[in-house]
Amino acid sequence: MTQITLPRPDDWHLHLRDGAMLEAVLPESARHFARAIIMPNLVPPVVTGAQAAAYRERILAGLPAGMRFTPLMTLYLTEETDPADVAAAAAAGIVTAVKLYPAGATTNSASGVRDFDKVRGVLEKMAEIGLPLCVHGEVTDPAVDIFDREAVFIERVLDPVRRATPGLRVVMEHITTKDGVDYVRSQGEDLGATITTHHLIINRNHILVGGIKPHYYCLPVAKRESHRLALVEAATSGEARFFLGTDSAPHADPAKESACGCAGCFTATNTMPLLAHVFEAEGRLANLEAFASRNGPAFYRLPVNSETLTLEKTDTATHWPAKIFGGAGPVTVFDPGFPVFWHVTP
Ligand code: DOR
Ligand code: ZN
């Protein structure tokens with residue numbers, strides 16, 4: 001097959017930032033994706049319905065003329081989050097999900113949750129109204145090795161929280177381990193998982209062998225090859241509970257190429273060609289539609305997009321810009337390290 005047409009895909013986990021960075025990266029997502037779940041980890045974070053509504057307006061105002069894109073907003077869960085504000089924002093159609101960052105787990109997560117008893121009321125309200133909780137699944141205990149933090153989170157935090165809040169609908173964001181894949185498969189339909197583009201392509205060797213590669217550093221950090229293979233198997237399986245969330249997370253190059261570099265891979269520009277490459281290599285190109293276009297809407301109880309996107313394979317390697325330039329400085333586009341022959345048709 002040299003051509004494939006899908007319902008227009010969505011990105012169920014995206015960082016757009018704000019101001020000049022938003023302006024630079026928004027067209028990169030809007031070019032291929034119809035909708036995206038927008039992460040709320042701005043500085044300061046998006047914690048109230050009113051802030052989410054204002055952020056949505058800034059995103060829509062930044063959309064270049066002629067581009068269509070629907071931002072699906074999230075609230076950043078803090079120990080002070082008011083269940084009534086969450087319920088009102090959901091009822092008004094302002095927010096599609098709430099995001100849980102364990103405090104200190106990643107970029108701008110200082111206001112996240114330390115004591116889960118303090119968010120019990122919000123989680124119970126969310127279970128009642130069916131509002132999904134998007135979870136950054138890593139423990140922050142300094143005694144836990146960074147490569148084990150996802151597996152330990154499932155056991156110590158996620159499973160107990162889900163048991164304590166029956167009916168809570170949860171998305172394990174950006175799973176990076178076989179443990180994550182196995183946990184999702186062992187649970188019922190109220191648990192889904194997003195998988196990023198970059199975690200389907202790199203393992204920890206790519207970050208560390210032959211010199212440190214700051215543009216491959218993200219959180220959760222890429223794990224060993226056996227975990228990457230488990231992610232590829234899950235993503236390409238077509239199973240309903242695995243769907244695309246790129247976690248495309250732009251940082252200007254100086255912030256990445258630094259003695260203390262930021263976490264994040266920027267994949268908005270080339271995700272769809274990269275996914276076509278990965279799915280074809282598995283002999284499962286036909287399941288790209290489930291992963292990128294159908295499973296996410298089904299989990300979020302939204303319609304599949306009626307517009308389409310076509311990918312084509314050609315004999316010459318596809319080119320994308322190595323960097324995106326904007327007022328916030330250059331942002332390096334994720335480099336898979338191999339040629340890709342798929343491109344999105346104009
Ligand atoms: O790599 C990451 N970058 N992981 C996250 O969880 C946050 C994100 C960001 O905001 O830069
Ligand atoms: Zn993220």
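Cβ coordinates are placed from backbone N, Cα and C, and glycine is handled just like the others.
Predicted automatically and left uncurated, TrEMBL annotations should be read as such.
The annotation active site is assigned in TrEMBL to D247. Residues annotated as Zn(2+) 1 binding site in TrEMBL: H13, H15, K99, D247. According to TrEMBL, the feature substrate binding site maps to H15, L16, R17, N41, H136, L219, H251, A263. Under the heading Zn(2+) 2 binding site, TrEMBL lists K99, H136, H174. Residues or ranges marked as domain 'Amidohydrolase-related' by TrEMBL: 11-309. Per TrEMBL, N6-carboxylysine is recorded for K99.
Overlay of TrEMBL annotations on the structure.
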residue	record	CB count, 10 Å
H13	Zn(2+) 1 binding site	27
H15	Zn(2+) 1 binding site	25
L16	substrate binding site	27
R17	substrate binding site	21
N41	substrate binding site	22
K99	Zn(2+) 1 binding site	26
H136	substrate binding site	24
H174	Zn(2+) 2 binding site	27
D247	active site	28
A263	substrate binding site	16
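Of all the binding-site residues in the list H13, H15, K99, H174, the shortest Cα-Cα distance to H251 (substrate binding site) is found for H15.
When the CA atoms are compared, the recorded positions lying within 10 A of H13 (Zn(2+) 1 binding site) are D247, out of the candidates H136, L219, D247, A263. Inclusion criterion for the binding-site residues R17, N41, K99, H174: a C-alpha placed within 10 angstroms of the C-alpha of D247 (active site); this criterion is met by H174. Checked against ligand 1, the binding-site residues L16, R17, K99, H174, A263 give A263 as the ones with a Cβ under 6 Å from it, listed in sequence order.
Cα spacing between L219 (substrate binding site) and H15 (Zn(2+) 1 binding site): 13 Å, rounded to the nearest whole number. Checking the recorded positions L16, H136, D247, H251 against ligand 2, the ones with a C-beta less than 6 Å from an atom of that molecule are D247.
Largest Cα to Cα distance within the recorded substrate binders H15, L16, R17, N41, H136, L219, H251, A263: about 19 Å as a whole number.
Checking Cα-Cα distances from N41 (substrate binding site) against the binding-site residues (H15, K99, H174) with a 10 Å cut-off leaves H15, K99, in sequence order.
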